[in-house]
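Student: Not my notes, these are from TrEMBL:
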| type | residues | note |
| --- | --- | --- |
| TRANSMEM | 28-47 | transmembrane segment |
| TRANSMEM | 54-73 | transmembrane segment |
| TRANSMEM | 93-112 | transmembrane segment |
| TRANSMEM | 133-155 | transmembrane segment |
| TRANSMEM | 161-180 | transmembrane segment |
| TRANSMEM | 263-283 | transmembrane segment |
| TRANSMEM | 303-323 | transmembrane segment |
| TRANSMEM | 344-364 | transmembrane segment |
| TRANSMEM | 384-407 | transmembrane segment |
| TRANSMEM | 419-443 | transmembrane segment |
| TRANSMEM | 463-482 | transmembrane segment |
Amino acid sequence: MVFLSNAINFITYFNKSMHYPHATSANMVTNFMGTSFLLSVLGGFIGDSIFTRFTTFIVFCTIELLGLILLTIQAQNPQFRPALNEKPSQSEAAILYTGLYSMAAGVGGINASLPAHGADQLDHGNQRLISAFFNWFFFSLCLGGLISCTVMVWVEENEGWNWSFTITAIVLSLALSIFISGSPFYRHKLPGGSALTRIIKVLASAARNCKASPEERVENQYAVSAINPNTVDGKSHNKFKFLDKALIDNTISEAHVEETRTFLGLLPIFASTIMMNCCLAQLQTYSVVQGVLMNRKLHNFKIPTQSLSVLPLSIMLASIPLYEKFRRILSSKKSEKIHIFQPLWRIGLGLALASGSMAVAALVEAKRREAALDNATLSVFWLAWQFLLLGVSDMLTLGGMLEFFYSEAPDSMRSMCTALSWCSTSMGYFLSSVLVSIVNSASGRFGREWLGGNDINHSRLDLFYTLLSILNTLNFLNYMYWAKQY
């Protein structure tokens, strides 16, 4: 709620109070969101290597709170903001960026440490319980988002946008207090040192000994692990055989190699989910632009532009209880595992639905554009079809990723591997920006840019959505290959 309420509010604040141009303000918001998700990898590294996940959450939540308090002070005091029609001074910009990126760092650390800490409380032998936890964790995220684009939007429009900072600072303080109060009841997973350092060491040793013969590593084949014997949970994957060459180095154990093997095995799955998040980025960008030009009236009530996210969020919220109910019914009828509820199958289904959502989005945009050129206006609820598919897709993919990366990761890297889910989101947003630039550059050479200008009625957003659908289908086939290999 705190993150999304302010992300919605920032563009107005940057533009109207800090007097940045529209384009600059939009880029600042995009950079803030992308950085927040990317920094989850740093938070994950710290949660695995330096502090417990409990301590990591407290540290990063405090950093976010301090950043939010700094922004609140600036928003409430005119002496810390530029005068009317003037650009921010260096000191005013420094206050803004310090507060903004303290929040981004805090959000990144929370995203990495909180889900891993929550799952640490559960019996790892009960995969059904782990899966349910991540589903309801995602439900909580969506609920916070729903409050952001309904209650908080109402507050910003009726009481003033600066109230957003004050309310969210109070809410975050309350959340931190509630979390700390549970300390006596938590399981605290102790950090196991820098797994990333061990992985780099294994890769360097394997590269250095790439020409060595297998016989040279016999002496060290049963080396005693220098780290926790539970680090790799007894998992061994028969792949990346070249890593065995690292065992020639007497400072590297079998456990180190297995840890590296497991982590590398997760990366192709991670890379295969980025394209889906590129589609998800359209919910905050072009889908909103479409909604602004459509009929947003519901009887006598007009849906605010910032509240258009209510549709996909409501769909996500509804889909999670239905998914849990459906699984419970099927599980009670069958004793063996049902494939569709396994994380890799779940992610695959989510990726397939993302392709379908973009195909539907292309058809709806073609219809909307045709109606607009005939001076007619379609209802905004036509967008519900793409929101439905993309909302369920996000629920399946992100929930499946959180469960998969946590369950499959080496025990010493669970926070960092869970953070890959958020890193995929960040890279999807950045990829969306890159694709828009490439598409405009390529289409501009053949006449008119597909996404050029400010009027999408004369752009070809439908063709861009079609391209995304095709790219997602190819990505889905790529994912199937890696999932089968895994």
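Each Cβ is built from the backbone N, Cα and C atoms, and glycine gets one as well.
Nobody curates TrEMBL annotations by hand; they come from automatic prediction.
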Student: Sequence-remote contacts (6 or more beyond its ends) of the transmembrane segment (384-407), Cβ cut-off under 8 Å?
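Tutor: For the transmembrane segment (384-407), the nonlocal Cβ contacts are 115-116, 119, 124, 127, 130-131, 134-135, 137-138, 266, 269-270, 273, 276, 279-280, 282-283, 287, 311-313, 315-316, 319-320, 323, 343-344, 346-347, 349-351, 353-354, 356-358, 360-361, 364, 414, 417-418, 420-421, 424-425.
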Student: Let me spell it out: take the transmembrane segment (344-364), skip the flanking residues so only those 6+ beyond its ends count, and list any with a Cβ under 8 Å from a Cβ in it.
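Tutor: Residues packing against the transmembrane segment (344-364) from afar: 269, 272-273, 275-276, 279-280, 282, 287, 382-383, 385-386, 388-390, 392-401, 403-404, 462-463, 465-466, 468-469, 472-473, 475-476, 479-480, 483, 486.
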Student: Do the transmembrane segment (93-112) and the transmembrane segment (133-155) share at least 3 Cβ pairs closer than 8 Å, excluding pairs fewer than 6 residues apart in sequence?
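Tutor: No; fewer than 3 Cβ pairs under 8 Å.
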Student: Do the transmembrane segment (161-180) and the transmembrane segment (54-73) share at least 3 Cβ pairs under 8 Å, sequence separation 6 or more?
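Tutor: Since 3 or more Cβ pairs under 8 Å link them, the transmembrane segment (161-180) and the transmembrane segment (54-73) do come into contact.
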Student: For the transmembrane segment (303-323) and the transmembrane segment (133-155), decide whether they are in contact, meaning at least 3 CB pairs lie under 8 A, counting pairs 6 or more apart in sequence.
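Tutor: Yes, the transmembrane segment (303-323) contacts the transmembrane segment (133-155).
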Student: Please identify the stretch among 54-73, 133-155, 263-283, 419-443, 463-482 with the greatest number of Cβ pairs below 8 Å relative to the transmembrane segment (28-47).
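Tutor: Top-ranked stretch among 54-73, 133-155, 263-283, 419-443, 463-482: 419-443.
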Student: Which stretch from 133-155, 263-283, 419-443 shares the most C-beta pairs under 8 Å with the transmembrane segment (463-482)?
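Tutor: Stretch with maximum Cβ contacts: 263-283.
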Student: I'm a bit unsure how to read this: which one of 54-73, 133-155, 263-283 has the highest number of Cβ pairs shorter than 8 Å with the transmembrane segment (419-443)?
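Tutor: Selected stretch: 263-283, with the most Cβ pairs under 8 Å.
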